[in-house]
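Copied from TrEMBL, the annotated features are:
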ACT_SITE  H188  active site, proton donor
ACT_SITE  E319  active site, proton acceptor
BINDING   N90, R91, H188, A189, Y190, D254  beta-D-galactose binding site
SIGNAL    1-23  signal peptide
Amino acid sequence: MANIFLFSCFVYLILLFANDVEAVNDDIGFYELKRGDFSVKLTNYGATVLSVILPDKNGKLDDIVLGFDSIDDYKNDTTYFGAIVGRVANRIGRAQFTLDGTDYKLVPNDGRNMLHGGPKGFSDVIWGVGSHDDHHVTFIYNSVDGEEGFPGDVAVSVTYMLVETNKLAVKMRAMPLNKRTPVNLALHAYWNLGGHNSGDIFSHTIQLLASKITPVDEELIPTGEIVDVKDTPYDFHKPREIGSMFTQLPDGYDINYELDDLNPGHLKKVAVVQESVSGRKLELWTNQPGVQFYTSNMLNNVKGKDGFVYAQYAGICLETQGFPDAVNHPHFPSQIVNPGDIYENIMIYRFTAAH
C-alpha cells in the first residue's frame, strides 16, 4: 500500500511539476530564455541562474548578476552564486532540530551550524530537466530520506519563466512523499543593476517593504526576537542608498526581514532597487513571509565572469524565504510540510530602465 502511495505521488508530481520530462540524468546542460532584449541563462547544476541580460536607459545591454565563466567554478563555489538553496535555506542553529519527538542531527557546514542545506545542498546537485522552450524551463530533483540529515523523500521543482515585458517569474515547489519535514527554498542570486562588473552597490537605492527583522547572534543565528526597524539602520521603508548607514553597520547587511502583508491573499511587494547611472530598476514580489537582505559582505576578491574580481559588497541578495532557524523557534512561521502537501515559493521580478 505504501509503495502504491509513493508511486502515485511521484506520478502526480511529474505531471504537476515537469510536464513532459525530458531528462533525469547526470548531464549538465545550459538553457537560455529570451524575449526581445531580455535574456536569462541557466544551468541544471544547482538550478542556477548564470546571467540576466537587459538594456539600460540608453539601450546598452549588461549582465546584472554575479557569477562564473566555468561550470567547474560553480562546483567549487562557496558563494552560492545564482543557485537554488535548500532543503532548508539560510541557517539552522547547531545543525539540529526536533520534530514529532525525534531529534535530527544535520551536517554542519558553517561552524557548528548548517547553512543553505549543508555541504551538499540543492545548489550542488544536478537537477533533472523538465519541459523547456524559449520562455521557460523547469528543473526537478528528488531529495532522498536522510540527505544531509533531513527526514523523508521530497520531490522538488523550480520553474523559471519570462512573462510580459522584462518580467522573470520563479516558482519553487516541493512535496514530501513519506515523512513530515522542513522545507525552505531560496534563490541566491547576487544583483548589481549597473552590471556585474560595475563595482560596489553602495549607491543603489533600495526600498524594503518590511517593518521588522529577526535579530541574530554572533553566529548569525536568530535570537528568537522579532523587532521593529523604525529609527534603526535597518529601516528602508523610504528609499535610500544602501551605503548610507554603513558607518553604523560596518559589516553590512545580512538579516531576515518580516515582510509587511499589505494586501492579504495577494503576493507581497518585497523591494524596489534602483541604480542611477544605468537607470535600471528591479521590483520584487513574493508569497513568502520573509526576505534575507544580504550585501555580499563575505565576498573576498572572487574571480568571476570575464576575469572580473568581485570585491566585498559587489552585489545584493534578496532571498525570499521562511525565517532562518524556524525549526528551532516555534513562534516563527512553520516550515514543516506534511506528506502530500505542496510547499511553494513564488518570486516575480520586474525590470525597467528610466530614460
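Every residue gets a Cβ built from N, Cα and C, even glycine.
Here the features listed in TrEMBL are painted onto the structure.
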residue	record	Cβ contacts under 8 Å, 6 or more apart
N90	beta-D-galactose binding site	L115, H116, N184, A186, N256, Q292, E319, Q321, P324, D325
R91	beta-D-galactose binding site	D110, N113, M114, L115, E219, L220, I221, P324, D325
H188	active site, proton donor	Y80, F81, G82, A83, I84, V85, A89, H116, S123, C317, E319
A189	beta-D-galactose binding site	V49, V52, V65, F81, G82, C317
Y190	beta-D-galactose binding site	V65, L66, G67, T79, F81, G82, S296, A314, G315, I316, C317
D254	beta-D-galactose binding site	L220, Q292, F293, Y294, T295, N297
Cβ-Cβ neighbours of E319 (active site, proton acceptor) (radius 10 Å): 24
Among the beta-D-galactose-binding set N90, R91, H188, A189, Y190, D254, as the record gives it, the longest Cα-Cα distance in Å: 18
